[in-house]
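Participant: Next up is a structure, given as structure tokens.
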């Protein structure tokens, strides 16, 4: 009986040390990941407040919360599709441009959500606009 070589075996040569460019890439990747989830974390943290502001006051609290998390789920499910599109254009136009655009496309809707009128101000349009953000 023979054993297959382990893919986890250490190579003969030691791993190369990280360069300054490697550290820059790691830092920017970490920043992008943190910013990517920032708006989702804020939305979940303030879900009860969002529900009270963007849905009717006579609606049961549990239903407002479910609708708020439904809007969250729509954004969360759309995220991979956006990633596929951005990756395609990143290969065509350059990854740095697409990274900058993706940061902008995450920051602007977060700002706009803070400026949206409430249900008391514009009625049914408030949750619709929130969903579009």
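One-based numbering along the chain as shown.
From the backbone N, Cα and C atoms, a Cβ is placed for every residue, glycine too.
Feature table excerpt (TrEMBL):
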| type | residues | note |
| --- | --- | --- |
| DOMAIN | 25-133 | domain 'Major facilitator superfamily (MFS) profile' |
| TRANSMEM | 37-57 | transmembrane segment |
| TRANSMEM | 69-89 | transmembrane segment |
| TRANSMEM | 101-132 | transmembrane segment |
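Describe the structural surroundings of these features, if you would.
Facilitator: As a whole-number mean, the pLDDT of the domain 'Major facilitator superfamily (MFS) profile' (25-133) in this prediction is 89.
Within the chain, the transmembrane segment (37-57) has long-range Cβ neighbours (under 8 A, six or more residues past its boundaries) at 63-65, 67-69, 72, 75-76, 106, 109-110, 113, 116, 118-120, 126-127, 130.
Counting same-chain residues at least six beyond the ends of the transmembrane segment (69-89), those with a Cβ under 8 angstroms from any Cβ of the stretch are 40, 43-44, 47, 98, 101-102, 105, 127, 130-131.
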Participant: What is the three-state DSSP composition of the domain 'Major facilitator superfamily (MFS) profile' (25-133), stated as helix, strand and coil residue counts?
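Facilitator: Its residues divide into 95 helix, 0 strand, 14 coil.
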